[in-house]
Amino acid sequence: MSDVSFVRTEMLPQQSPPASSVGFVGWMRENLFSGVANSILTVVSGVFIIYTLWFIIGWAWSPTWNAQSLNECRAILHDLGREGHWAGACWGVINDRWEQLLFGFYPNGTEAGVADMRWRPILAFVLLGFALAPVLYAEKVPAKMIYLTMAYPFIMPWLLWGGSIWGPIMVAAGFVIGYIGYRVLSQLAGSLIALILSVVLAVAWWLFAAGGIAGMLADLTPALGLEPVESRKFGGFMLSITIGVVAIGLSLPIGIVLALGRQSDLLIVKSLCVGFIEFIRGVPLITLLFVASTLLNIFMPPGTDFDIIMRVFIMVTLFASAYMAEVIRGGLAALPKGQYEGADSLGLNYWQAQRLIIMPQALKISIPGIVSTFIGVFKDTTLVSVIGLFDPLNLTNAIRADSDWNGIVWELYGFIALLFFVFCYGMSRYSMYLERKLRTDHH
Amino acid sequence: MSDLAVDRSIDRSKMTVSDEVAIEISNMNKWYGAFHVLRDINLTVNQGERIVIAGPSGSGKSTLIRCINRLEEHQAGRIIVDGTELTSDLKNIDKIRSEVGMCFQHFNLFPHLTILENCTLAPIWVRKTPRKEAIETAMHFLEKVKIPDQANKYPGQLSGGQQQRVAIARSLCMKPRIMLFDEPTSALDPEMIKEVLDTMIELAEEGMTMLCVTHEMGFARQVANRVIFMDQGQIVEQNEPEEFFNNPKSERTKLFLSQILGH
């Protein structure tokens with residue numbers, strides 16, 4: 001009977017774990033040599049990695065930075081006694097053409113009578129960093145910086161394309177007019193009617209008033225403007241970033257609206273959203289870009305000159321939005337029904353519940369998917385080469401067309417890959433930082 | 001199952017039922033697809049009543065109280081809450097929801113907001129209370145449920161019992177006239193059930209109108225002024241707790257009570 005009886009008289013203190021399971025030795029045992037098969041795999045992989053790195057570093061370690069042509073590279077390597085296809089990299093091409101890979105044909109001062117304007121995309125890019133800071137690191141920067149963020153969508157096109165300052169100001173004024181209109185009208189009528197009327201008001205301003213007034217003001221103050229730069233001068237990495245930033249910046253809000261629309265109880269709204277998403281996702285981006293570059297002109301009134309980059313913006317944004325909508329829908333689906341009920345039971349209306357309860361959580365769940373879509377869109381910007389825009393990949397063809405550099409492949413693609421990698425890896429790291437920051441389950 | 005919810009005597013001085021009608025449900029029916037989940041429900045609740053709704057799972061008791069703040073929609077009959085009839089009019093629904101507090105089995109706190117933010121959100125956005133005042137009210141109710149020191153933590157860092165007490169405080173911050181409880185202790189460890197029941201008893205002592213779906217028969221005996229037994233979507237029996245437990249009339253009630261109190 002007393003066999004099963006046991007009373008602990010003294011509680012055991014904590015002890016440190018055995019030395020072989022902690023520290024460097026413990027880590028090695030755990031992760032690299034936890035069994036015979038794993039130890040063999042570790043050794044084989046190690047040999048493979050070292051061999052590959054040895055080969056790549058040997059190729060990349062090549063004193064050809066100042067070479068003026070591929071032949072000169074070969075001569076330098078020949079003098080060093082390095083022969084053959086993998087004798088060494090020819091970095092001269094990067095030294096010669098890196099500015100073109102970054103800026104395309106943006107005026108750089110070499111053309112007679114045209115100044116070096118590359119400070120404009122550089123400034124736009126630097127300002128982008130400041131404009132993004134309040135969004136990315138909300139609690140670490142002064143709250144007032146959000147005004148720069150709000151102004152940036154108008155500053156960026158002005159810096160890049162130039163022209164009179166009044167154009168972007170008049171476009172921005174349309175938003176202000178729409179906002180004031182909504183505030184005034186929502187006092188008089190229902191909020192939905194006020195919303196529709198204020199959108200009509202803003203669109204009417206853009207269509208009928210903005211252009212004329214901007215033109216008039218531009219004539220009065222010709223000094224307040226930048227030298228215009230045509231879209232076909234855009235190219236290189238600058239073009240990729242421009243398209244990427246616009247598509248990323250617009251696809252998130254549009255994607256949220258589409259995802260909410262797809263969940264709507266209103267049949268027409270729902271069908272429109274589902275139809276749009278399924279159509280866009282069912283068509284390759286290249287097809288959309290071809291439509292943008294060729295077919296769209298057929299539907300436009302004759303004589304309309306609809307900027308090619310603007311068309312690309314629209315198509316890439318629509319494409320990204322459809323994917324974004326589905327990613328966000330995944331986040332919405334992952335939210336327990338109780339969150340909706342909790343919000344409802346407190347008397348929050350639909351938009352309050354979405355903004356305060358549902359979206360913050362759904363977006364947080366969707367962060368990995370959202371950032372994957374961002375990265376995908378950014379890399380897909382290279383597809384604009386198929387409609388003749390000079391993104392970095394298309395520029396490599398132009399560079400190889402030069403007899404000096406005919407035959408260069410790895411160096412150019414490697415350089416472009418490195419640039420893309422830096423940006424994509426940055427986005428990926430940021431998303432991981434954000435996920436860590438937004439974790440509230442335990443600290 | 002324990003018969004007593006608390007081991008202290010309950011102050012009944014404010015537990016008075018007034019003549020004012022808080023909720024009136026007449027000939028209410030609801031279907032899930034073809035399934036007739038609530039059948040001809042008639043129920044009048046006066047201000048100050050404490051009603052416990054009991055019944056086997058699937059009997060429609062949760063659905064009934066979820067109809068009162070229109071988390072579920074009824075298809076026939078009328079529900080009038082505080083003089084406002086529940087129709088598809090969104091304005092009425094939001095008004096009633098802000099007057100009627102609700103606590104859920106799984107608390108439904110907002111995990112991305114701190115405890116304090118959970119409590120101030122609805123007063124600030126729905127009632128348009130100034131932030132400072134909303135925080136004061138929230139701290140008052142958090143003190144009442146005895147967790148003011150957790151105000152800046154997130155729900156995920158609290159125990160189940162604490163979370164449910166926060167959920168009660170969150171509802172109280174809207175100063176509701178009626179509180180609905182949908183199995184508030186069913187997801188809790190036995191040790192935590194008592195702290196939540198204590199909070200609910202305090203609420204009853206202050207004269208709050210309460211409708212509780214619960215299996216805590218000790219709570220029903222001590223606090224309720226009426227117990228309703230439901231089965232197959234219908235109200236089978238209702239009575240004062242003493243009569244209900246000691247002298248049930250219907251066979252179905254007897255069977256249920258013998259099963260739930262039998263061990």
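Using N, Cα and C of the backbone, Cβ positions are placed for all residues, glycine too.
Positions annotated as domain 'ABC transmembrane type-1' by TrEMBL: A:237-431.
Positions annotated as transmembrane segment by TrEMBL: A:36-61 (among others).
Annotation comment: TrEMBL describes A:122-138 (among others) as transmembrane segment. Only residues 6 or more beyond the boundaries of the transmembrane segment (A:122-138), in the same chain, are considered here, and those with a CB under 8 A from a CB of the stretch are 145-146, 148-149, 151-152, 155-156, 159-160, 238, 241, 245, 430.
According to TrEMBL, the transmembrane segment annotation covers A:158-180 (among others). Packing against the transmembrane segment (A:158-180) from elsewhere in the chain are residues 117, 120-121, 123-124, 127, 151, 198-199, 201-203, 205-206, 209-211, 213-215, 217-218, 221-222, 224-229, 231, 234, 242: each is 6 or more residues past its ends and has a CB under 8 Å from a CB in it.
A Cβ distance under 8 Å defines the sequence-distant neighbours of the transmembrane segment (A:192-217), meaning residues of its chain 6+ beyond its ends; these are 164, 166-167, 169-171, 173-175, 177-179, 181-182, 185-186. The transmembrane segment annotation in TrEMBL covers A:192-217 (among others).
Long-range contacts of the transmembrane segment (A:237-260) within the same chain: residues 101-104, 106, 121, 125, 128, 153, 156, 160, 273, 276-277, 309, 312-313, 316-329, 332, 354, 359, 363, 370, 373-374, 377-378, 381-382, 384, 389-392, 416, 419-420, 423, each at least 6 residues beyond the stretch ends and with a Cβ under 8 Å from a Cβ of the stretch. According to TrEMBL, the transmembrane segment annotation covers A:237-260 (among others).
According to TrEMBL, the transmembrane segment annotation covers A:272-296 (among others).
For A:308-328 (among others), the entry in TrEMBL reads transmembrane segment.
Within its own chain, the transmembrane segment (A:365-390) is flanked in space by residues 104-105, 234-236, 239-240, 243-244, 247-248, 251-252, 285-286, 289-290, 292-293, 308-309, 312, 316, 319-320, 323-324, 327-328, 330-331, 334-335, 398, 420, 423-424, 427-428, 430-431, 434-435, 438, which lie at least six positions past its ends and keep a Cβ under 8 Å from the stretch. Residues or ranges marked as transmembrane segment in TrEMBL: A:365-390 (among others).
If you look up TrEMBL, you'll see A:410-428 (among others) marked as transmembrane segment. Proximity of distant same-chain residues to the transmembrane segment (A:410-428), defined by a Cβ-Cβ separation under 8 Å and at least 6 residues beyond the stretch ends, is recorded for 89-91, 93-94, 97-98, 101, 237, 240-241, 371, 374-375, 378-379, 392-393, 396, 399-400.
Sequence-distant contacts of the transmembrane segment (A:36-61), counting only residues of its own chain at least 6 positions beyond either end whose CB sits under 8 Å from a CB of the stretch, comprise 86, 88-89.
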